[in-house]
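A short worksheet on the structure shown next.
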Amino acid sequence: MVQYNFKKITVVPNGKDFVDIILSRTQRQTPTVVHKGYAISRLRQFYMRKVKYTQQNFHDKLSTIIDEFPRLDDIHPFYGDLLHVLYNKDHYKLALGQINTARNLIGKIAKDYVKLLKYGDSLYRCKSLKVAALGRMCTVMKRIGPSLAYLEQIRQHMARLPSIDPNTRTVLICGYPNVGKSSFINKITRADVDVQPYAFTTKSLFVGHTDYKYLRYQVIDTPGILDRPFEDRNIIEMCSITALAHLRAAVLFFLDVSGSCGYSIAQQAALFHSIKSLFMNKPLTIVCNKTDLQPLEGISEEDMKLVMEMKSEAMKTLVAQGGEATSDADVLLTMSTLTEEGVIAVKNAACERLLNQRVEMKMKSKKINDCLNRFHVAMPKPRDQKERPPCIPQAVLEAKATEAAEKEKRKTEKDLEDENGGAGVYSASLKKNYILANDEWKEDVLPEILDGHNVYDFIDPDILQRLEELEQEEGIRQAEGEEEDFEMDGEELTAEEKEALAVIRKKKSLLIQEHRIKKSTAESRPTVPRKFDKDRKFTTKRMGRQLSALGVDPSKAINRLRERSLSRRGRKRERSTDRGHDDGGAMDMDVDQPNKKLRLRSTSRSRSRSRPPNEVVPGEGYKDSVQKSKALKLFKKSAQKRNKDARRGEADRVIPTLKPKHLFSGKRSIGKTDRR
């Protein structure tokens, strides 16, 4: 359980914001209206309340800051030293001390001015004392502005610190920079520590969590340490030293035997001997990393001698505690984070040694006697020499046999691929499950082109017969279609009608071709009035000649067009022919008629016939006119109540004001009262 959560510390405002927050709260939470006519005791009480309320707000806010920031003497030594390394303990205590001093000063100022306000003799005197009190409080807050800004920076940095529990099971990773510490923590935990091929990529402590024997272990990745005097180490290195000094953890000292980190084994051994005092009473394991580049057996004799000296020192770490030297297998381990060879073995060895040490320490403590008195382990003894084998029901045995058979599944393609060299070496056969008359045919190569022909065209043995049937069917359908073209209402056309039909079809095809030519040459344009028809292509005479050539009487079509042109003209335009006695108004009429008839025709303009309401229009969804009339009746009936209530539609939910306030409120004036 994490005991220290620095993320919950309240934000520390700067000096100006602090003053604005307190004064605006005082303005909102205290009375603001006062008059000269008030009794002097009431005036004094009004301004004393403002001074006391302001002082109480300052006191509460400053007390919150002082209480929420950790006291370095009361927290765990690990966090105390870590905060000292990061922020300088003296500056930290000095800033909190200034906040505490400001709180006391504001309290004294409020106390003094409340005494003066008790003897205020006028509104002006009380107001001046209140202004002076609040001004002095704000001055005190402005003086501690740098301390508030410093504490806010510390709060932001502490919120980013990892949540480390100093009392739980911990595995600590240390060593020179760039030896593979961050890669190891990324492999065994879900932490995402940045890994780069240069030194000091890790600049602070990183925490990950892993499980071993159903117990949670926290793994701490420390920044790299250099072999130099204690006074010359920077803040990044001191974070690692602090963790090694104060955390009761299993230590993994990483050793790069390949030398690719930029430091030789001799330099790493010197670092080990310089900080070995920090390893006392801790399970220490030396991990030789990057064995994929350089195996441990391939190093020189001098380097091997140094590694053996480090191993002997590691075996003495538990002797000082009263235990015996551990076995060689758990003290010196090899692994490679690149190939993940030996990574899990290193994690298990470190967790096992730490667990054994914690159990041993608890067994030696005084509390164990109180716990052992509560336990009693019962060991059953045989009552006779008779053997009593376990009795397992037959159904259970059958179920176990079924489960065992289910486990023996057939090998998948993935299993076969792993057995035969992996991806890129093994190629799965897609033809091995073909169902053929002879299994030897499965791997035969089927040619696509043979003798210049597509093989798939000759796979079907009946393809020629089917093609012939399709051609016969197509010929029959074409013959039926030609016969149907020359039929009309089931009767055969005469020779003259066939000739006329052929001419019409020819004309139709010519029109289609002409339209396509116009469209392709971008000459397609909308219909234009007749005055723009320069070529006189669209005239009644031309239409009459064409229809007469086809053997059709064109008189009805021409009269119908003339009637439409007459009905579309306005009445004034038609009467202009009577006044002017010229042919300009009737220039479009081919037949000369008396002016009286012309006026009658212009006045009696043709109009379209109205459709009866019961007539069914295709697409309305009614079966017949009876159903439509019934639906119209129901619609009118449903709209009666809505119309009665003056609703706009079915969705109109407006509730009218039954009694307008301007008519039914207020005093009666002199006059009639019928408006009420």
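Each Cβ is built from the backbone N, Cα and C atoms, and glycine gets one as well.
Among the features that TrEMBL reports, compositional bias 'Basic and acidic residues' is placed at 402-414 (among others). Non-local neighbours of the compositional bias 'Basic and acidic residues' (402-414) in the same chain are 428; each lies 6+ residues outside the stretch with a CB under 8 Å from one of its CB atoms.
The compositional bias 'Basic and acidic residues' annotation in TrEMBL covers 575-584 (among others).
Sequence annotations record features per position, and here TrEMBL assigns compositional bias 'Basic residues' to 596-610 (among others).
With DSSP classes pooled into helix, strand and coil, the tally for the compositional bias 'Basic residues' (630-641) is 12 helix, 0 strand, 0 coil. Marked as compositional bias 'Basic residues' by TrEMBL: 630-641 (among others).
Here TrEMBL flags 642-653 (among others) as compositional bias 'Basic and acidic residues'.
Residues or ranges marked as domain 'OBG-type G' by TrEMBL: 169-355. Across the residues of the domain 'OBG-type G' (169-355), the predicted structure has a mean pLDDT of 84.
Taken from TrEMBL, the feature region 'Disordered' covers 402-423 (among others).
If you look up TrEMBL, you'll see 515-676 (among others) marked as region 'Disordered'.
Taking Cβ pairs closer than 8 Å, the compositional bias 'Basic residues' (630-641) reaches residues 613-614, 622 in its own chain, all 6 or more past its ends. According to DSSP, the compositional bias 'Basic and acidic residues' (402-414) comprises 8 helix, 0 strand, 5 coil. Look at the compositional bias 'Basic and acidic residues' (642-653): DSSP puts its residues at 3 helix, 0 strand, 9 coil.
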